[in-house]
Amino acid sequence: MGKENCTTVAEFILLGLSDVPELRVCLFLLFLLIYGVTLLANLGMIALIQVSSRLHTPMYFFLSHLSSVDFCYSSIIVPKMLANIFNKDKAISFLGCMVQFYLFCTCVVTEVFLLAVMAYDRFVAICNPLLYTVTMSWKVRVELASCCYFCGTVCSLIHLCLALRIPFYRSNVINHFFCDLPPVLSLACSDITVNETLLFLVATLNESVTIMIILTSYLLILTTILKMGSAEGRHKAFSTCASHLTAITVFHGTVLSIYCRPSSGNSGDADKVATVFYTVVIPMLNSVIYSLRNKDVKEALRKVMGSKIHS
């Protein structure tokens, strides 16, 4: 691409998920419904954990942070995506694009580490129940959660600082529904080898470390479950672990497929569809899998609703 086609940009144009007019209403209603459920479930979960004393445990401490992160990064992306479905002007300012990417990246990396911490928490609870409250003390919980947010912030700052150094772009049209880094980098005129290499290395390192923690934790949990004498206890534990691993597999699978591979130079429709799963669907599924299927949460919700009705 010749240098004469390169220029600075003041704004980007987000193409969105589809340019087929007949799909606009269906897409809008579908994602509005998913976003509504996501907000209600995650904010409701946070509130329930705060008001219910029986949920003041390490597991629900981390679950409240997961709900907060899911709420945040879904809200960073979905409202703008919904607005762009019907808007002819799909522009987002350069600054707005960078801010959206930074906040999104911070939340996603935080969730990557938070899911690993939650897997470790389940390992301690099931495999070492007598030491659970000591091992996962308030101080330890705060330190682990803080580390997750710190890793998310640092990784995002690295990518943001490198992205801000790109002087010229050959186009301002992003083939995506939000400002993700790979499609933005594909528009750069300058050499982005460092950007792409760091994106690959950081994502691969984060994924490798956290997946290893998750797999090790659940393997040890599985070993403990198989030793249980109660068939009902085994079934309940298997069901819980299977649902957790399903959500984790979908989340990490899409992250791996998009960020932990050599750059293809563009963001195709397959990438956009895959991205929908961990930016829109997973925040909703997490609230269902980690909370609505949980007996303690159901009991706490029933107690809170009962007290409201009788008051």
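Quick reminder: no glycine exception, Cβ is built from N, Cα and C everywhere.
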Same membrane side per Swiss-Prot: SER52 vs SER230:
yes
Candidate annotated in Swiss-Prot as N-linked glycosylation site, out of ASN195, ASN206:
ASN195
Per DSSP, how many helix, strand and coil residues does the topological domain 'Cytoplasmic' (218-237) have?
16 helix, 0 strand, 4 coil
Counts of helix, strand and coil residues, the topological domain 'Extracellular' (1-25), according to DSSP:
8 helix, 5 strand, 12 coil
So are the transmembrane segment (238-258) and the transmembrane segment (26-46) touching or not, going by 3+ C-beta pairs under 8 A with a sequence gap of 6 or more?
no
Looking at Cβ-Cβ distances, which residues of the chain lie under 8 angstroms from CYS97 (disulfide bond) while being 6 or more apart from it?
GLU11, PHE12, ILE174, CYS179, VAL184
